[in-house]
Amino acid sequence: MELNDFCIATIITALIILCETLSLLLHPGLELSRKRTNTIGSLGLKPHAWKPALWDLNTIDNMELKHLLGDLCMNPRHTRWIAPLLILGDAVLCALIIWRVPYTEIDWTTYMQQVSLYLSGERDYTLIKGSTGPLVYPAAHVYIYSILYYLTDEGRDILLAQILFAIPYLATLAVVMSCYRQAGAPPFLLLPLVLSKRLHSIFVLRLFNDGFAALAMWIAIFLFQKKKWTAGVVVWSTGVAIKMTLLLLAPAIAVVLVLSLSLQPSIQLGALAVLIQILLGIPFLSHNTAGYIARSFELTRQFMFKWTVNWRFVGEELFLSRKFSLALLALHIALLGLFATRVWLKPSGSKLPSFVQQLLQRRYRTVSLSRTFIMRTMLSSLAIGLLCARSLHYQFFAYLAWATPFLLWQTGFHPIVVYAVCMAQEWAWNIYPSTNGSSLVVILSLAVQVIGILWNANGRQIPENSPKEHVQ
């Protein structure tokens, strides 16, 4: 794929200069030096008197420069050193944001009030409340914020809390880039990962629990890419116990496990995931089982229209109607079925009925899944769930933002389209309060990702035995 001037327009100047310097230092420059020497000699000058400037770009042929930039943008080999530079730059950006941008109070005080009740001995979930409402997240959320409660002087040291939240942000970013590298993604996809205003806000300005859930999600994806099935299930289930949004990955995880391990081991890992939920919830389950399940995994929760980011353009009456809710549920199920038959089961070489029959008759032969396929399957399941969700709030961007560049790349779109959709999506999620136009863009950007993956069912595969650095 030719990037041409697109690379020049999208890669920041400092990164380009650094890349050129490293390329000139690390690649053999003898041929270029001979050409320069011959040119100088033809002008009657002494070769030793010529001292080329390191940054003199005029001495580099335009085609050579474009090739250099194209290689920088498209060759996964460069991810190894570009990613750490971007993470370092983002760490500086986080520090500047914490220093210069005021903290926004939304749920932090409520979280601290709820945790205070828990630490005081309350174990009935229905009685744990704060100033903005009852506790509606599973047990791991309570444990994490209990630690933060102690570290931040009962929630009063906001600056320290922001610094602590920068740690999971940068950790998640590092894991995300590792997942991209494992999948053989080109370096031009890395830049959008560090430029999201909304992501920085979710983590270090609003202190939402979605940051910890997103970290668990990406660690699980990384472990699945490494074929660490048990560890991946444990981390994913722990993430579900922080926020149940991670249940959107469950269909993809089931497919990946069954394809890789067959039916019985997959059922055992599913039981392990359930067991983790029980173990984490024991302090609350033992006091009020129904209350804990109803509050922490409330699937029938009625969302308020004024906070929705995605479906505002349909109007409040339709948004709140049961028919609309059922239609989205039907669409969700239909898309999962379509993806299972057309995309996710492709490695098995079987249609869905035949695949199920082989599993039940224990005749199914497991397959080795590529890291690219595993990541695409899990993130497409996430995108389907977000597209069909009746209400998305701003903090849900913590799950979507880092998935979008990879999904758009997997659709086969040109890099310009990838960047355009990322920019449109970022714009829409930064409009507050949401408008009919911004919510429409949110839905369209998700639809582009889902339909694009469905249309290009094979995606972009990187062979597992490839000699390239990124899969070693």
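Every residue number used here counts from 1 along the chain in the order it is shown.
Backbone N, Cα and C atoms are what each Cβ position is placed from, and that goes for glycine too.
Taking the topological domains listed in Swiss-Prot, Leu261 lies on the same side of the membrane as Ser348. Within the same chain, residues 79, 83, 86-87, 90-91, 94-95, 98, 103, 108, 148, 151-152, 190, 193-194, 199-200, 203-205, 207, 211-212, 214-215, 218-219, 222, 402 sit at least 6 positions outside the transmembrane segment (158-178) and bring their C-beta atoms closer than 8 Å to a C-beta of that stretch. Per-class residue totals from DSSP over the topological domain 'Cytoplasmic' (390-395), listed helix then strand then coil: 2 helix, 0 strand, 4 coil. Counting Cβ pairs under 8 Å to the transmembrane segment (132-152), the top-ranked stretch among 202-222, 265-285, 324-344, 372-389, 437-457 is 265-285.
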